[in-house]
Amino acid sequence: MGCLLFLVLLEFQKIWGSFEAPQTSFPFRFLQISSFANHSWTRTDGLMWLGELQPYTWRNESSTIRFLKHWSQGTFSDQQWEQLQHTFQVYRSSFTRDIREFVKMLPGDYPFEIQISGGCELLPRNISESFLRAALQEKDVLSFQGMSWVSAPDAPPWSQVVCKVLNEDQGTKETVHWLLHDICPELVKGLMQTGKSELEKQVKPEAWLSSGPSPGPDRLLLGCHVSGFYPKPVWVMWMRGEQEEPGTQQGDVMPNADSTWYLRVTLEVAAGEAAGLSCRVKHSSLGDQDIILYWDGKRVSRGLIVVLVILVFVLLFVGGLVFWFRKHRRYQDIS
């Protein structure tokens, strides 16, 4: 594996240049999951993100990385992408073969799963930070630091053997270093140019309050709903004046169908202590104009509001039909 990857590296470096980091950065992350059921069956899938967006995927059934965005090629040429695809094809076949060889050398047996995570982030002054870690059954085993493989602090003793074998392969180490510290930052720089409009998209949230099912006698469950915001990072808190309420419970940030996000934050309080509470929302799309909603004790849920509005329309419609019917019948009586 090392010799072949090293030769590929020497050929590739002839056409790849240096990069300059842009002012705004988005972390690039990839995750590889490889499942080994036995000595002959294995599956490897890969996912890649730039910030919150997923520009690539690599399914086990495919020999190439698939573009998920129209701007996924970045500023790389077709030739550069073709060579990268070849590098990863060599890597995947070599990885599977090498893992099977390690299984013969080390304690343990099939089935097992390996997770490999890595990525890079561009920082000011043309600096980048990169990382690469490997885990077995979700427990860290080793990482790539500088130009060497290093065993994780709580890794089993056999991880030292794996690191020793990997560190003897100078060609592969140089290829990994090149991919992490040269190619990854250059790829991210290009993606931030071609995907600029989508990466920097800002959508303002809307927020509303509700009261949930009573958690007990003389107790209230207050809900603060925030929806339709993008990007994902958001800060929502129940407040009393300028003080944060320590009992605030935040749910998971959930995706909407339009690629924006939704969050519900709750607070359980005594009925007599609800007055004076407010929900505060901070988001990048709002600038310094935070959303502040005050609890007045008369809030009803948005669902109930919708039901009431529908009821009003139904009553108006029925009333209109009755009025029309009576008027029409009166005209018939006159004629």
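Every residue gets a Cβ built from N, Cα and C, even glycine.
For the D-galactosylceramide site, Swiss-Prot records ASP169, GLN170, GLY171, THR172, and the single candidate of ASP98, ASP109, ASP252 listed with them is ASP98.
Each of CYS120, CYS163, CYS224 is a candidate, yet Swiss-Prot gives the disulfide link of CYS184 to CYS120. For CYS224, the partner cysteine in a disulfide bond according to Swiss-Prot, taken from CYS163, CYS279, is CYS279. Straight-line distance linking the Cα atoms of THR172 (D-galactosylceramide binding site) and CYS184 (disulfide bond), rounded to a whole number, equals 16 Å. Looking only at the topological domain 'Extracellular' (18-304), the predicted model's pLDDT averages out at 92.
The recorded positions recorded for this entry are ASN38, CYS120, ASN126, GLN170, and the Cα of CYS120 lies nearest to that of CYS224 (disulfide bond). A gap of 55 Å separates the Cα atoms of CYS279 (disulfide bond) and ASP98 (D-galactosylceramide binding site). Of all the disulfide-bonded residues listed here (CYS120, CYS184, CYS224, CYS279), the one with the fewest other CB atoms within 10 A of its own CB is CYS184.
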